[in-house]
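The region 'Disordered' annotation in TrEMBL covers 411-433. Per TrEMBL, the feature transmembrane segment maps to 30-49, 61-82, 137-158, 221-241, 263-281, 293-312, 318-340, 352-374, 380-403.
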Amino acid sequence: LAQSLLALFASSLAISLVFAIIPLCHNVVVLAVVMAVAGLAMGCIDTISNMQLVKIYQKDSAIFLQALHFFVGFGALLSPLIADPFLSDTNCILANGTANASSNLPHIRKSLVPHHPGNLSHYDLPMKGMVVTRVSYAFWIMALINLPVPIAVFFLLYKERMVPCFNGSSHPLLSADELALETRPGDKDELSTAGQRPHTAAGHEDLFSCCQSKNFRGASYTYFAVHITGALVLFMTDGIVGEYSGFVYSYAVEEPLSVVHKVAGYLPSLFWGFITLGRLISIPVSYRMKPATMVFINVVGVLITFLLLLIFSSSVVFLFVGTASLGLFLSSTFPSMLAYTEDILQYKGCATTVLVTGAGIGEMVLQLLVGSIIHDRGSYSFLVCGMIFGCLAFTFYALLVFFHRMYPKPSPELDEASPDKAAVPEDMGQYQR
């Protein structure tokens, strides 16, 4: 846990530093390196936060994962609103002939959001002159907004006596009983007894335990199949999130819909807004519904929505309805799949890294794939690709359920005596020391 919190502290602090440095980058290579550091830090935060919630709360983790990903969507919805006042509709560089170029800026601005494949070379923009852009303020404001996060993580490290220089006077914030929600009053004696057992489970104290080959010895093929199929489901669903939010604007402004640029600009915001709303709704729903059921509803809903979008492809109204529906169904897929997969694998924590990596790769690869297909085949292929990805997600989910039924379940006697059973309270004991 100390390693995880230190990594969260370093990563969240790096994000503030990166946002503060971006406006000062006057070389594209330097900017690329800085953005790569930001991506690495965000990947660490994503993986570690999901993994630790699963390890700490176990069967109760679904609720906390839904809450975590609600704030992910809320941030994605909020940050463009913070930046928007600093984005100018006039030219950022004052020079001779700026008045003519400025009239083109509103159209260019719409055309570049997001990933518009059109040719903008015929717009004449001055490259030299006095820079009057205010977009730097947006980056600096985001850096300041993020700064309380590393401060809060450092405070948590300090209160839990995990800072080497300050570990004598503070008191822990949470006891083990408060931290483990699934601990019942009748289990407290068992918890205290288990916490005193020697920590024999390999890898629970090591942040990189999932990469150790000794943990895979004797594992059945279904163990690997659950990891792979779960990652493939998120590869498809998170890829759909990336490609839909990235290209729905381009699809809307092209024929046959030919939506006005300003109206089409609301589609990505509508999509992320309903993702955020869906994640908020999923917090209480996940308390009553099993993660497997939620994933099934999500995947089937995505498939039906894309089918209807294809049928009513000429309707602008249904494009907005379908965008909202797709956001709702995709909203809770990631946290529900994470909780479902970890439940199958008895909360070892290793599946989290595999699933987060699969989701990230899908979000990157499918956007590149769909962008090239739209460029070659036209805008209608955008919906066809989404339908194919939805069918593949449903297929991989069916395979995951199949492997779940084949996965060997530990007997209650072995489960009570296994080192992994004792390892969980030990981790919680570490938290309160």
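We number each residue from 1, going along the chain as drawn.
The backbone N, Cα and C atoms fix where each Cβ goes, and this holds for glycine too.
Cβ atoms under 8 Å from those of the transmembrane segment (221-241) belong to residues 275, 295, 298-299, 302, 326, 330, 333-334, 337, 340-341, 344-345, 350-351, 354-355, 357-363, 365-367, 386, 389-390, 392-393, 396-397, 399-400, 403-404, 406-408 of the same chain, restricted to positions at least 6 beyond its ends. Counted as Cβ pairs under 8 Å, contacts with the transmembrane segment (293-312) are highest for 318-340 among 30-49, 61-82, 263-281, 318-340, 380-403.
Sequence-distant contacts of the transmembrane segment (318-340) (same chain, at least 6 residues past either end, Cβ-Cβ under 8 Å): 50, 54, 61-62, 65-66, 68-69, 73, 230, 233-234, 237-238, 240-241, 244, 248, 252, 257, 259, 267, 270-279, 281-282, 285-286, 290-292, 294-295, 297-299, 301-302, 305-306, 308-309, 312, 351-352, 355, 359. Two recorded stretches are said to be in contact when at least 3 C-beta pairs lie under 8 angstroms, sequence spacing 6 or more; the transmembrane segment (263-281) and the transmembrane segment (380-403) fall short of this definition.
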